[in-house]
Amino acid sequence: CECCSVPSVCGAKKVQCPGTHHCIPHWELCDRHQDCEDGWDEEGCPQQPCLPGQWQCRNRVCIMAEWKCNGIDDCGDSSDEDVCAPCPPGMVRCDEGKCILESLMCNDEDDCLDGTDEPSTCGDLCVAAGHCPCGWGQGEVRSHSTSFCSARVDIRSGDLYWLAFLHLSCPRTHVPCRDGTECVAQEYMCDGEKDCADGSDEDRCAQLCNTPGRNHSSYPCGLGSCLNASLVCNSQQDCTDGSDEGGNCSVPCQRSCAHLCYPSPQGPRCWCDPGYRLAEDGLSCMDIDECTEWGEGACTQTCINAPGSYSCGCLPGYLLEPDSRVCKLTGPEPMLLVAVQSEVLSRGLRSGHEEVLLATDKDRVVFSLDYDLVERKVFWMDLATESIRWQDFDLGKKGTLVKGVRSDCIAVDWLGRNLYWTDGAAGQLLATRLGAAWRGVPEYTVVMDGDLDQPHSLVLQPLAGLLYWSEVGSHPRLMEATMDGSRRHVLLAQGLGWPTALALDLPTWRIFWLDEKLGSVSSARLDGTSVKVLQLSWVQSPFAAAVCEGQLYWSERKAWSVQQVDKGSGKNRTVLLKRHGQPHGLQVATGGSPEPCCTNGCAKSNGGCAQLCLPNP
């Protein structure tokens, strides 16, 4: 299950829309956008709409008071950080309180609302100063990666000063573009696409001819391209700037190279065969472990390193594509299931074909959902009746599994034949049998109770007998436990804001989560290591997430849409669905039957239990 939801009984950071289980963050009150279905959140808004314990942003949005000056733009217009002192390195404060990049001063544009970044003293500052103290010629500005020398004016006094070594304060997972206006993920550097507006993320990449997929016998041309070493010093200008010819090309190769020796304008050089890199001694060659160094850049699933090479493989149920790198699901087309208001829609991930699978009464909301791949049933939380219901895909049969429950997220254990759910208000994780039938009395058990700080999203790993969940209380964290609730431990407790959507990607052994507060897509290995964070501006109010092959899918409540990005890079964003109504639960259903060998302690004869059996691997 890759699903999540907003607590049906709101936590400390949310308020409840009257008459519903729908909760919205405090800052969505009186923000001039209807978030409650009946518009309650925008009714009777006073001039000062913030509630006790909140702080009003410049754009009239309300945030929790303790979020002010926390280093994160919670307002959306940065006014909660503009009032803080001091400004980040490389920035100065306008009279109005806003921080701007020092590089934006005296650029003939009013970046401060009050114009204090363009004082009358702006002009030919190098002439006024008479020299450039950074060590370069008068009036000259040079750029070297993140440092340059430039004349600037002090906003307060109007005095001339010199600014050196400018840099933008970026998250640790990101790097600044040369113009200082934005940050991009480290993974985007030298990936062949210009992600910085000034293209600086692809500059000087010739020095990185060892990036994934490139021949390690490559010669860096001066203008950014890589040239095969065999074309260097061949009396023909192959580099655009001619840097592959001349110089010491005539000096013969007399070095004791382990693999190859080529002449170059810098003199003879040793080169290595593909799959090797030159050792520090400049003579011998070392094998490159592409599987470790390139990650999914080498193979999307399994990778086996070999001397000078590597090979990719796929897990059962997948087939290796002709590119010998990407694995695709075999069997029927995988389907994306999405709950939109009172309906569940399906969309073919190959064909794009859409259809309505089920429709409930208009006054009901299909919230969290999951799919049982054994019996081909969809289960969902019905908020109106506080019940978990199901429908058979093939026969069209319907039923009610359990009533009188408040579920934030449901998850199906297709192997152990149980259904789990979280209750954020009660701080509990519960379970019942998939084959249970409503007989007037709730039949379920509390798997975990106590010490759960608003459990939220929930995903299962049936083959390993493990479950993972997020907590969005005062101390957000990602947790892991066995399916009987034992062996509980913290998977991750740092760098989290509001992890509202979890998804497992078992072929790569990673867990993904979308963070509503930080506006990010993150992932980690299932042991909590190798954390990867991508700041994505379009992640605003994620509700549910799912991973299939190389794509990450999620539902956006505010945008009323389902979107997808490349799971590794966060690029190639696509809006798949946009309907008049908020999307909630989301899941990928695959048509293939589970392997008959697959089992756990509860899969056979219900583990010998008379009622509920919970796996403990």
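Please read every residue number as a count from 1 along the shown chain.
Every residue gets a Cβ built from N, Cα and C, even glycine.
Remember, TrEMBL labels are computer predictions, not curated facts.
Feature annotation from TrEMBL assigns disulfide bond to C30-C45 (among others).
Per TrEMBL, the feature disulfide bond maps to C50-C62 (among others).
A sphere of 10 angstroms centred on the C-beta of C75 (disulfide bond) encloses 22 other C-beta atoms. Feature annotation from TrEMBL assigns disulfide bond to C57-C75 (among others).
Under the heading disulfide bond, TrEMBL lists C69-C84 (among others).
Among the features that TrEMBL reports, disulfide bond is placed at C87-C99 (among others).
What TrEMBL lists as disulfide bond is C94-C112 (among others).
Summarising the annotation, TrEMBL assigns disulfide bond to C190-C205 (among others). Around the Cβ of C190 (disulfide bond), 19 further Cβ atoms fall within 10 Å across all displayed protein chains.
Annotation source TrEMBL lists disulfide bond at C221-C239 (among others). There are 21 other CB atoms within 10 A of the CB of C239 (disulfide bond), with all protein chains counted.
Within the model, the domain 'EGF-like' (312-327) carries an average pLDDT of 90. Look at TrEMBL and you will find 312-327 tagged as domain 'EGF-like'.
The list of residues near the repeat 'LDL-receptor class B' (465-508) in space but at least 6 beyond its ends in sequence, with Cβ under 8 angstroms from a Cβ of it, reads 2-4, 6-7, 11-13, 72, 296, 300-301, 315, 318, 327, 409, 411, 413, 416, 418, 420, 422, 424, 429, 447-448, 452-459, 514-518, 520, 522-524, 526-528, 531, 533, 542-547, 552, 554, 567, 600-601, 614-617. According to TrEMBL, the repeat 'LDL-receptor class B' annotation covers 465-508.
Reported as a whole number, the C-alpha separation between C190 (disulfide bond) and C221 (disulfide bond) equals 15 Å. Summarised by DSSP class, the composition of the repeat 'LDL-receptor class B' (465-508) is 3 helix, 23 strand, 18 coil. Sparsest Cβ environment among the disulfide-bonded residues C69, C112, C221 (other Cβ atoms counted within 10 Å): C69. The disulfide-bonded residues recorded for this entry are C69, C112, C221, C239, and the Cα of C69 lies nearest to that of C57 (disulfide bond). Nearest in space to C75 (disulfide bond), taking C-alpha to C-alpha distance over the disulfide-bonded residues C69, C112, C221, C239, is C69. Spacing of C69 (disulfide bond) relative to C112 (disulfide bond) is 20 Å (Cα to Cα, whole number). For the domain 'EGF-like' (312-327), DSSP puts the residue distribution at 0 helix, 6 strand, 10 coil.
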